[in-house]
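The structure appears below as structure tokens.
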Amino acid sequence: CAMDWQVLTRELSLYLESQVRVGFFGSGVGLSLVLGFGVAYACYYLNSIAKRPQLVASNDRFCRFLEEYCPVVTETYYPTIWCWEGRVQTLLRPFITSRPQVQYRNELIKTADGGQISLDWFDNNDSSYYPDASTRPTVLLLPGLTGTSKESYILHMIHQSETLGYRCVVFNNRGIAGEELLTPRTYCAANTEDLEAVVHHVHSLHPSAPFMAAGVSMGGMLLLNYLGKTGRDTPLMAAASFSAGWNVFESVESLEKPLNWLLFNYYLTTCLQSSISRHRQMLEKLFDMDLVMKARTVREFDKQFTSVMFGYRSIDDYYEDSSPCRKLKSVGIPVLCLNSVDDVFSPAHAIPVETAKQNANVALVLTSCGGHIGFLEGIWPRKCTYMDRVFKQFVQAVFEHGNKIFSM
């Protein structure tokens, strides 16, 4: 038996070597296998991966407005064919997408409690569409949890706005954009005081300019919580959120699953710790920083630091107050919310579809793929993502045709 096995192995080895010598594809068998696999994969991709997003909106006028002026939300989204799975899109986007060059003008504004906020302005003074700065449309951008104006997705939003002639200003949360903390306070998704101050500051500088906002990830959560609090009492014409976490309880539970903890949770926790370590001397006045720096999950960090900083009795109280799904019914201006149902940061079952149907100001756009701030498309998705296109079309629709939805 041993001899037979050796003979069989040798014959198989000689056959494979001969196939290599004539060329795998030249044999016909290899070419057939590759073509067969390619056809099968293409069928699977077109039938199961590439799909039109689900548009959820109770207001027929809002739907017609989006269909006419923001048609990308009704077109089939073709994720990058070799990179469509949510986790992979989330991990690769920062490395694949380009980083457009943007020259900022920084402004530090004081807050009522003695702190300071860093704003990065892209004035777009070369705008040929809106040469008058007093009436140039302005977009307020809110980055994610530990993000700043340097994030690639923010740079791409500014690039899209630049081509349309708009001005942008990026709201950097306290203490993460290089400025010093003047008080022992940072930020969270539930507390909207700093955002309120920024909105009114920007509006006071350009009261005649059309004004809207867009938030990404935690920036989207903060923006939605602000809109839920203010209703119609805001100078913002409209808003957009991208990859917002709707229910924080569900988000942290998803991130604590073993694979998600390994890929995202631990890294995000270290980023949070890094963002406050530079301000340790100031924060040690109120916190046991050694205990905070031992956190190994976002939940542990929030329990020891964030919920305590903002005076919540428990982490559950903080998470409940942070969840935009609980305030969506009170949003009083048109808002477009883009999420992917395979986003581990915001699980599909936590997206408030039924609540959105009860508010005529809200439209949800739900893609089957895209991950968290991924939305990669094209063979080599370096320059523009599906999210970028949704952003560009929606802000242009609001600034140039918004009167058709503001009478809702």
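One is the number of the first residue shown, and numbering goes on along the chain from there.
Positions of Cβ are set from backbone N, Cα and C atoms, glycine also.
Where the annotation comes from TrEMBL, it is an automatic prediction and has not been curated.
For SER217 (active site, charge relay system), the Cβ neighbour count at a 10 Å cut-off comes to 26, with all displayed protein chains included. Residues or ranges marked as active site, charge relay system by TrEMBL: SER217 (among others).
Summarising the annotation, TrEMBL assigns active site, charge relay system to ASP343 (among others).
A C-beta separation below 8 Å, combined with a sequence spacing of at least six in one chain, links HIS372 (active site, charge relay system) to GLY86, GLN89, THR90, SER217, SER243, SER340, ASP343, VAL344, PHE345, SER346. According to TrEMBL, the active site, charge relay system annotation covers HIS372 (among others).
Annotation comment: TrEMBL describes 137-378 as domain 'AB hydrolase-1'.
The annotation transmembrane segment is assigned in TrEMBL to 22-46.
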ASP343 (active site, charge relay system): tally of other CB atoms within 10 A of its CB | 29
